[in-house]
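These features come from TrEMBL:
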type     : residues : note
DOMAIN   : 376-431  : domain 'Kazal-like'
TRANSMEM : 6-22     : transmembrane segment
TRANSMEM : 29-50    : transmembrane segment
TRANSMEM : 136-156  : transmembrane segment
TRANSMEM : 189-209  : transmembrane segment
TRANSMEM : 261-279  : transmembrane segment
TRANSMEM : 299-319  : transmembrane segment
TRANSMEM : 331-351  : transmembrane segment
TRANSMEM : 456-483  : transmembrane segment
TRANSMEM : 495-514  : transmembrane segment
Amino acid sequence: MLSQVWCAGNLLVITVVSYFGAKFHRPRIIGAGVLLMAMGTLLMALPHFLMGRYEYESVASPVNDAGNFTVTSPCTAGSQNIAQQLTAGCDKGEEQGSLMWLVLLLGNSIRGIGEATVGPLGMAFIDDYARPENSAFYIGCLYTISVIGPLFGYSLGSYCANLYVDIGFVDKESVLITPQDSRWVGAWWLGYLVAGALSVLSAVPFWFLPSALPEVPQPAEPDASSGQPVHTCPEQTMVSLAEIAKDFVPSLKRLLSNKIYVLYLIFNALIFNGFVIIVTYTPKYFEQQFGQSASRANFLFGITSIPAMCLGIFLSGVIMKRFNLDQLGAAKMGFVTYIAGFLCTVPYFVLSCPNMDVAGITVPYQRSALAGDVDVSLLSSCNAGCGCSLNQWDPVCGQNGVTYVSACHAGCNSTHGSGMNTNFHDCRCVQNWGVSEVNSTAVLGQCPRQSSCSTVFYIFLALQSLSFFLLCLGSVPLFLICLRTVEPELKSLSAGMFMLVLRLMGGIPAPIYFGALIDSTCLKWGSRKCGGRGACRMYDTQTFRFTVTPPSVEVVWNCSMKEAFRKSKSQNAATELCKMNGIVRCGQRQ
């Protein structure tokens, strides 16, 4: 929901900013937008300092006198009152929903409003004051640098996710969960503080840039194909805001009447759906499919995918400059690179790890029942007298290599140790697997994945990096179509409308409908303190895999439609593109 609010704030102003901002001092408008982004980013960290400490359920609890831990027997008659203890105060209405989410929504919407100035005005500014043969290279360099930001973000996010959310406020020894645990919450707020401070610093240079770069005078030469002179960039003149606003609707109508541009918007909206899904849910996919922690998933996704994307974007600008591709050549290059990138994603369907063995969810409690058709349930004869809560999630790993939802569900009768060194003994459900009573123990946390799963994971990372490289190899050519198929005075508006459509048709709906699809693969839901469904604790990895992979198929559909369009209208399209490129492009470049 937070990402959709960012898009909503962006959508509110991006069209207006891209049109009106092009008429005024663009660098200073960009600087003001970056300051807004900084303010919104810092605002999003505020809820952490206004809310209480994070609490999670665990069989171990701290004591105040000895500084140690006392642990009750998980499977006793007294454990039947655990659910009542956890929900104490709910009837009195003591637990109320926090309103801090409103602060997050406000901060993210402010970030979206500020970002609306950067893309449309920045890209058009570069294209206005660069030679035609250098424009693609400069935009490619800018795209490459902009991708380094997510690389830093994923690295910072990985570091923060590995830190406990209340670091600095609680004793580290009192934390009984690890980053691999689905209940773990990292220091999410720390990244916003760092990003907000850096945004403030990056906004300062924009206020000292001129409104226009100096140009080298060049004589106007007649166009060879039409005999008409090439249009030069018009000098900026002081016009009133009313005159600018009066021309807004006609300019928008002229832009949307460009059939090539409109078709370009539709197809890129489809591509952006798949891109948003991949960026948003790939770290979660790593966690569930390959058993990686949130910290490691973010780190590996950043250091493998982002450099590949940087290299692809940079080389796409170099290729455009080296071969001086026109609009039709740029479209062909995008088609080839997208097809190649899709082919690298086909093996995703077979690169997977099996579901983790969790008693009562993916496997039965008795080994003898594995070969038979037996209903899987959280309750069994080995823990029937323990009074275990069906909503509990405090996983332990049995000596038999099977994970149990809790020590209570494992039927453990005694405990030894404290904190992360807590061991559970005499676990009857572990004995059902043929383990002797002496070895029927369990420890806190989920059982580790098989070693072969790590090999599959690294193969997946390599293919994903190659796929991202190929897909980004066509990014600059496709974006230049957005700028080169419209009149020069509409370039900022076309870039703004392009981003508006991407976020309206891709950035907002994609996480919503795809998040619902992922939720449908959940095998074990958590619960809130006073009832109601909480976060998903475990997914069906096989169903999850087939849900995540298909979005890449729309890339082929997209490119096939583009190719069909070019075949049917190649002559007219090429004529129109060449005419616009020769007559209406700015002649004074440097």
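Just so it is clear, glycine is given a Cβ too, placed from its N, Cα and C backbone atoms.
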Long-range neighbours of the transmembrane segment (456-483), counting only residues six or more past its ends (CB under 8 A): 123-124, 127, 135-136, 139-140, 143, 260-261, 264, 268, 282, 286, 290, 292, 300, 304-305, 307-313, 315-317, 319-320, 325, 327, 329-331, 333-338, 340-342, 344-345, 347-348, 351-353, 491, 494-495, 498, 552, 555
Long-range Cβ neighbours of the transmembrane segment (299-319) (under 8 Å; 6 or more residues past either end): 136-141, 143-144, 147-148, 150-151, 153-155, 157-159, 282-283, 286, 292, 325, 333, 337, 461-462, 464-466, 468-477
Secondary structure tally of the domain 'Kazal-like' (376-431) (DSSP, helix then strand then coil): 10 helix, 11 strand, 35 coil
Distant-in-sequence neighbours of the transmembrane segment (29-50), which means Cβ under 8 A and at least six residues beyond its ends: 17, 21, 98, 100-101, 103-104, 106-118, 121-122, 165, 188-190, 192-193, 195-197, 199-200, 202-207
